[in-house]
Amino acid sequence: MDLDPHAGVQVGMRVVRGMDWKWGQQDGGEGGVGTVVELGRHGSPSTPDRTVVVQWDQGTRTNYRAGYQGAHDLLLYDNAQIGIRHPNIICDCCKKHGLRGMRWKCRVCFDYDLCTQCYMHNKHDLTHAFERYETSHSRPVTLSPRQGLPRIPLRGIFQGAKVVRGPDWEWGSQDGGEGKTGRVVDIRGWDVETGRSVASVTWADGTTNVYRVGHKGKVDLRCVGEAAGGFYYKEHLPKLGKPAELQRRVSADGQPFQRGDKVKCLLDTDVLRDMQEGHGGWNPRMAEFIGQMGTVHRITDRGDVRVQFNHETRWTFHPGALTKHNSFWVGDVVRVIGDLDTVKRLQAGHGEWTDDMAPALGRVGKVVKVFGDGNLRVAVGGQRWTFSPSCLVAYRPEEDANLDVAERARENKSAASVSVAGSLSVALDKLRTQKSDPEHPGRLVVEAALGNVARALDLLRRHPEQASYHPALVVDTKNQGRTALQVAAYLGQVELVRLLLQARASMDLPDDEGNTVLHYTAMGNQPEATRVLLSAGCAVDARNGTRSTALHVAVQRGFLEVVKILCERGCDVNLPDAHADTPLHSAISAGAGASSIVEVLTEVPGIDVTATNSQGFTLLHHASLKGHVLAVRKILARARQLVDAKKEDGFTALHLAALNNHREVAQVLIREGRCDVNVRNRKLQSPLHLAVQQAHLGLVPLLVDAGCSVNTEDEEGDTALHVALQRHQLLPLVADRAGGDPGPLQLLSRLQASGLPGCTELTVGAAVACFLALEGADVSYANHRGRSPLDLATEGRVLKALQGCAQRFRERQAGGGGGVPPGPRHVLSTPNTVTNLHVSGTAGPEAAECLVCSELALLILFSPCQHRTVCEECARRMKKCIRCQVVISKKLRPDGSEVVNAIQVPGPPRQLVEELQSRYRQMEERITCPICIDSHIRLVFQCGHGACAPCGAALNACPICRQPIRDRIQIFV
C-alpha cells in the first residue's frame, strides 16, 4: 500500500474531536474547532511520534494521539490551510474553480463534485453516496449516503466571532492593545498559497487587517465569542494521523505509470475519442499518433497522462488508453535502480547478484546486448553486468540536470569557443600565405591579416572616397569569410580599424556564424579596439548565430578588460543566448577563474538576478550547482528572497549544493541566506536526503547541525536513514572517500566522540546511519513499503551499532537518566495548556550539558513547563523557558530548593541604558525592510507599510497587509 505523502499530518490543519476522544471539554465541547500547531517526533522531549499539539479556537492548547498507541483522538475537518487544492475541479454547487481542501464526488451522478462547505450544508441529493478525496493524488474513500446521519454544528473562529490576540500574535498594537476585542468579518486564503487560513478582523478602533488561523501552523487569534461555522458529518471525516492511500495511475495493461515510461496508444480512433471526453479532450491530430511510441512527460493532477511524441508534440491521454512498453534495445541508455535489496531479489535467476555490482546501483549505463531470455548486458562505469530488465528504468536526462556532472554546460560552450577559435586561426593562416593580385577585391583582408597597415592605407588612398564601392576594391569584401575590419579588430590593429571606419566599413556585417566586428574584438581580447568601435557607434548588443552577444563571448573566454568596457558602455547584461544563459550564467560556469568577471557583472545596476535559463536554473541555482561561493554571496546580497526559490522539480539552491557536495556554498546559504534547511522538492526530498544519497559526508553533519530534520520522509516514505542503508551499504568508508575530502574524518570524529566501538571499520552507509541515529533519527520508522532502517541493516554488526547509537540518543535526551526513552510529553506554551499524556517515571536527574553554556552540570527544573535545559548559573537570568517560551514561575534545583533570580542592579544608570537599548531596537525595527531584514526602508506604500528599494520594486502587494500597491513613495532615513 502506497500512502499519499500530501495527506499526512501537517501543521495548519483544522481538526475536531474524533472517535477515540476521552478528554472532556478541552475543545470547548463537541463541534469546537482547533488547529494543529506542532507534530510529534521520535525522541522529542516535547511530544512523541504520532502525536500532535492542537491550539483550540477558545484558547486551550494540548497534545493528542494521532495514531499513538493505535488511538486517533481527532478528525480532520479541513486541509485547505496547508495548500491542498484540486486545480481542475469545479464545485458544482458554489461554482468555485480549483476546489480547495477535500473533494467530495458523487458516485451516482456523472462528474459531480462538491467542496467541503457545500457537502456539509446538505447540497445535492442526500440519498446519493459520495467518495472523499483528501488530496488530488489520494485514492477515493467510499462513504455512505448522508440521509439519516447526525450533523454536528461547528463552532469557533468563523465569520462573526469575537476574538482577541492569540498565542502567535506578533503584530504589535494593531488590535488597539492587550485585551482589546475585534469581530471576524471574513475567512479567506493567503494569496494563492493556502485556503481558509486567515481571518479578516475589524477591531474596536475601526481598523481591519488579516491574521493567521492555520497559515503556516500559526494562530494569531483566540476566540472569546464563538460563531457558527456550519455543520459536519462526524462519520465522514478522516481520522487525523491515518493518511489516505496514494491514487495509482495505471495503463491499459494495469501497470502504474511513471515519468519517462515508454507508452503506445493501441485503441481505435472512435474508442479513443470517446475516452478522451473529460481527460484532456479530443483533437483529430491525435489519430496520427496511434501506434507510435511516446514518452510519459508527466502525470496531471487529475491522473491523466501527458505524453511527448517528438520534440514539439505533446498530448494528454486517458490513462486507460495507453499501454506501457517495457522493452530495452541495444544502445538504449538506462539507469539501474538504487534499492540494494530490490536489485538482489530481482537478480535471482537473472544473472544473479555479486557485491562487486554495488557501485552500479543508481548509475546510468548503456545496453550492449539483449539475451534471448530477456536479460540485458549493461555497460556501467567501465564494467559490464547482466541485469534483469526489472532492475532498469529508462534514463531521463532531466534527472541529472541538477548534477554538475562533467560540467556539461561549460564543456559545450568551451567546445564551441574552441571550434570558432580554431577555424579563425586556420583562416588567418590561409590569408597570410595567400598569393593574390594586388587589385584582387579581397586583398585588403590579406593586408589586415599580415598587419600591413601602410599597404592597407595605400590601397585605401588609391581610391579616395570611393573605396566603399570601387569595383576593384570593396572595403567590405570578404576573404575566407571575414572582412578586413573583422580581421583587424580581432588582431587589435587599432590604427587600421580607424582607417577602415573612415572608409565607411560596415560594423554590422556578420560573418558566416553571425559574428559582428564587436564579437571579433571580444574573441581577440582587444580592449582598445572595442573602445574605438563603441565610440564609432557599433551596436553593443549585436547577437551572433548562437544568440550570444560580445559580452557572452568575452565572459566565456575570461577577458576581464573587454567585459569591463562593454559594461561601462551600457551593454545589456541580461540578454540570454540560445540556451537562455545570461553572461552571468556563463561566468559562473567558468568557475573560480572568472571570479573577477562575476564581481564586475554583479555590480552592474540593472542586472536581473532572477533570470532563468533553459534548464530552469536561476542565477542562484546555477551558482549553487557549480559551487561558485562568490556568486552565491553576490546574488544573496541583491535578492535574499531568492534563497528558497524552487525550480520546476522543487529543487532549491540548498538542494543543489547538497547534491553536488558544495559544502561552502551550503554554509553561505544557511548562515548568510538563512534558507529553509527542511525545504523539500517534488519528490519530497530534503537537502539531507540528497547529501546522504550521494554520500557527501562533509555535508551531512553541516545540515544536521543547521536543524535539518533527520526524520523527514520522501515520497516513498524513506527517511535519510533509509537512504543511507540502501545506497551505500557496501562502500568502504575511507578507502573510497579519500582524496582530500575532510568529510569522512569529520563524521568519524563525531562517531568516535560518542564512544561507538569499531566505527572506523564501518561502510559509508553504516557510518552515516549511525551518525543520524545519534542525532535522533528513528531506527524503527517504517517507509511506505513497511520497512524500517533496522530491517535494512542486514549485517549483524551494523544492526548492533545502529541500535547502540539510538540508545545513546535516548540517554542523552533523558538527561543521563539511565537510558529510559521518554514517553509522550507535552509542550506547554500558554497559560491555558493542559497535559493529556504524561512522561513515564525516570531516574533522578544527573549531570547533563547546559544548552546555553555547554557546561556539564545539574540542570534546573522550570515550572510550569517542567523542562530541564540549563544550569543554575544560566537559569538565574531567564524569564522564559528557551525551549517552549512559557513564562517561568519557579526554578527548582534537583533537591527541590528554589533558585533565586539574579539580583537586579539598582539605580537610574542601568534603567536608562535598558530604556535606550529598547528604544534603539524599536527604531531599528521600524526602519528595517521586513522582507530581506537587511536594508533600511526606502519605499513606503499607500497603506503605510514599506520595504527597501530592491524588495519594494518587485512587489505587487504589500507583504504585511496584502493590499495592492498603487504607489511607491521614496523616503530618506
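Going from the start of the chain as shown, residues are counted 1 onward.
Backbone N, Cα and C atoms are what each Cβ position is placed from, and that goes for glycine too.
In Swiss-Prot this protein carries:
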type: BINDING; residues: Cys91, Cys94, Cys115, Cys118; note: Zn(2+) 1 binding site
type: BINDING; residues: Cys106, Cys109, His124, His128; note: Zn(2+) 2 binding site
type: DOMAIN; residues: 1-80; note: domain 'MIB/HERC2 1'
type: DOMAIN; residues: 149-227; note: domain 'MIB/HERC2 2'
type: MOD_RES; residues: Ser251; note: phosphoserine
type: REPEAT; residues: 480-509; note: repeat 'ANK 1'
type: REPEAT; residues: 513-542; note: repeat 'ANK 2'
type: REPEAT; residues: 546-575; note: repeat 'ANK 3'
type: REPEAT; residues: 579-611; note: repeat 'ANK 4'
type: REPEAT; residues: 615-644; note: repeat 'ANK 5'
type: REPEAT; residues: 649-679; note: repeat 'ANK 6'
type: REPEAT; residues: 683-712; note: repeat 'ANK 7'
type: REPEAT; residues: 716-744; note: repeat 'ANK 8'
type: REPEAT; residues: 785-814; note: repeat 'ANK 9'
type: ZN_FING; residues: 86-138; note: zinc finger
type: ZN_FING; residues: 850-885; note: zinc finger
type: ZN_FING; residues: 929-962; note: zinc finger
Exercise. Ranked by the number of other Cβ atoms within 10 Å of their own Cβ, which of the binding-site residues Cys94, Cys109, Cys115 ranks first?
Worked result: Cys115
Exercise. For Cys118 (Zn(2+) 1 binding site), what residues in its own chain, 6 or more apart in sequence, show a Cβ-Cβ distance under 8 Å?
Worked result: Cys91, Cys93, Cys94, Trp104, His124
For this session: With a 10 Å radius around each C-beta, find which of these binding-site residues (Cys91, Cys106) has the fewest other C-beta atoms nearby.
Result: Cys106
Exercise. In which DSSP state, out of helix, strand and coil, do we find Cys94 (Zn(2+) 1 binding site)?
Worked result: coil
For this session: Determine which residues of the same chain, besides Cys91, Cys94, Cys115, Cys118, have their CB within 8 A of the center of the CB atoms at the recorded Zn(2+) 1 site, and list them by sequence.
Result: Asp92, Cys93, Lys95, Lys96, Leu99, Leu114, Thr116, Gln117, Tyr119, Lys123
Problem set entry | Least surrounded among the binding-site residues, given as His124, His128, when other CB atoms within 10 Å are counted | His128
Exercise. At the level of the C-alpha atoms, what whole-angstrom distance separates Cys109 (Zn(2+) 2 binding site) and Cys115 (Zn(2+) 1 binding site)?
Worked result: 16
Problem set entry | Cβ within 8 Å of the mean position of the Cβ atoms of Cys106, Cys109, His124, His128: remaining residues of the chain near Zn(2+) 2 | Arg107, Val108, Tyr112, Asp125, Phe130
For this session: Take the repeat 'ANK 9' (785-814) and average the pLDDT across it for me.
Result: 82
Exercise. Between Cys106 (Zn(2+) 2 binding site) and Cys115 (Zn(2+) 1 binding site), what C-alpha distance do you get in Å?
Worked result: 11
For this session: Let me know the DSSP-derived helix, strand or coil state of Cys106 (Zn(2+) 2 binding site), please.
Result: strand
Exercise. For Cys118 (Zn(2+) 1 binding site), what is the secondary structure state per DSSP, taken as helix, strand or coil?
Worked result: helix
For this session: Would you kindly give the Cα-Cα distance separating His128 (Zn(2+) 2 binding site) and Cys115 (Zn(2+) 1 binding site), rounded to the nearest Å?
Result: 16
Problem set entry | the zinc finger (850-885): DSSP-derived helix, strand, coil residue counts | 4 helix, 7 strand, 25 coil
Seminar exercise, completed: DSSP composition of the zinc finger (929-962), residue counts helix/strand/coil, works out to 5 helix, 7 strand, 22 coil
Exercise. Under DSSP, the repeat 'ANK 1' (480-509) has how many residues in helix, strand and coil?
Worked result: 17 helix, 1 strand, 12 coil
